Amino acid sequence: MKLHKKLTTASGRPYVENENSQSVGSRGPLLLQDYILHEKMAHFNRERIPERVVHAKGSGAFGTFTVTHDITKYTKAKIFSEIGKETKMLLRFSTVGGEKGSADTERDPRGFAMKFYTEDGNWDLVGNNTPVFFVKDPKKFDDFIHTQKRDPHTNLKSPTMMWDYWSLNPESLHQVLILMSDRGTPYGYRHMNGYGSHTYSMIDAANRRTYVKFHFKTAQGIRNFTNEEAAQMKAHDMDFAQRDLIENIDAGNFPKWDLKIQVMSEEEALSQDYYLNPFDLTKVWPHGDYPLIDVGVVELNQNPHNYFQDIEQAAFAPAHIVDGIGYSPDKMLQGRLLSYPDAHRYRLGTNYEQIPVNRCPFATNNYQRDGQMRVDGNGGENPNYFPNSFDGMEIDSAYQEPPLPIDSPYADWYDRNCEGENDHFTQPGNLFKIMTPEQQLNTINNIIGAMSGIEGPKKAEIVNRQLSHWYRADGRLGAAIADGLGVDVDMEEPE
Ligand code: HEM
């Protein structure tokens, strides 16, 4: 049935003059008093908010998380409290380096950001489709991202900047290898895994801590574009992943992911007995040592009715944890705790948590007041300070986390790649070895193609430095890339 609604100004005044501005005479100038013209132009001028500084191009949908297995021995988080329990959630996928209008099929990691609306608050798990990352310390993030964006002079993407940075930071090798494999060009968002990537913690009912990694395995099966297919799709449909997601959900073909965790005891994680630093984001925990444990299923089953409202305004933050789930000493995670809410305050404003998609649908009670765009009642007549004698607000000590043991009383700028933490090569080498011959070949060709873009006076230096990393990971990989690039390694001076 067609609804009969009156056209109004934003303040609610019904009006008729929507398409003709008020003028002096039919051919004369316009009048300043045509407020409707001002309002239309002024609001239009403010339609864009800053795009995300990274992960600007994205797609998202709502869904449910359902518990299938009991993990209450690790966590008291209410979301995991019983088998069969369902929690509403939001998932936003994204590419990383491109602008909001860039192509969905670019070679790039993919964001996998989730918000679970739990009774104890919104839990955000802001991950990627890769279990590792390029750098180990948050101080490096802005430099790294600059190399993925546009060259300040040419305003072009620059393979020279990228490989210069990666070759100078061999800790990136593991993630660069994944990026250069066909997993760097996934077939939309439904056919890739998601990872929390960092080590997080879980706290059980007795307030004991364990460390965990989160894995979301696609039930649709892994499917990737080859480099050529991705380029063709880019020319054909820049928004392939958005279209694929919305059309499948509209058709009732709801994508699913199986949540699994790896678990490490606090004693083991802190003992430094394990050969890896369990809080190093450039490393995976080998599944042979830490097997995957089933937890539940994420299903996306509802497209947002309005993209801007629910996806562009979505604000995810690794700082948003809930009782039973905690942070870890992973330096990158620690940096992200600050960075995301700070980005949201800039992009969406200080009251970004009140935007419906970000708002906890259960209780939020605190003494934060005022600020731009405060729309939640602002605490009404209630006291705006704590403690007070009036509102009966209580602190529930059951929510207190156990204290965190630390390994040293000394604050310093510790080298993240010190002796024992500087093996950047074994895990990428192992990953290359378990690839099928076809995957290896595609990866080699993708690397050759990408490194062929290095140019300028430092070209030989950058190529050689990166080649030495590939060699150290796997001799056959290094030799194949050198061959493809036409570099005669026997002729090169060692670094
Ligand atoms: C210290 C390292 C990092 C910093 C400082 C950082 C910072 C940021 C910032 C500022 C944004 C934009 C937020 C917004 O405006 O809404 C963002 C988005 C994002 N980041 Fe990071 N990031 C870091 C590392 C990572 C890592 C390791 C992952 C994955 C494991 C990751 C995944 C994401 C995702 C998925 C988004 C998009 C969230 C969305 O869909 O809205 N980031 N990051």
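Every residue gets a Cβ built from N, Cα and C, even glycine.
On its own chain, H55 (active site) has S94, T95, V96, G111, A113 as residues at least 6 apart in sequence with a Cβ closer than 8 Å to its own Cβ. According to TrEMBL, the active site annotation covers H55 (among others).
For N128 (among others), the entry in TrEMBL reads active site. Packing around N128 (active site) is summarised by its Cβ count: 25 other Cβ atoms lie within 10 angstroms of its Cβ, all protein chains included.
Per TrEMBL, the feature heme binding site maps to Y340. Reduced to three states, the DSSP call for Y340 (heme binding site) is helix. Within the same chain, residues at least six positions away from Y340 (heme binding site) with a Cβ under 8 Å of its Cβ are V126, A315, F316, A317, P318, A319.
The annotation domain 'Catalase core' is assigned in TrEMBL to 8-394.
Residues or ranges marked as region 'Disordered' by TrEMBL: 1-25.
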Same chain only, please: residues at least 6 beyond the ends of the region 'Disordered' (1-25) with a C-beta under 8 Å from a C-beta of the stretch. Say none if there are none. 31, 33-37, 39, 43
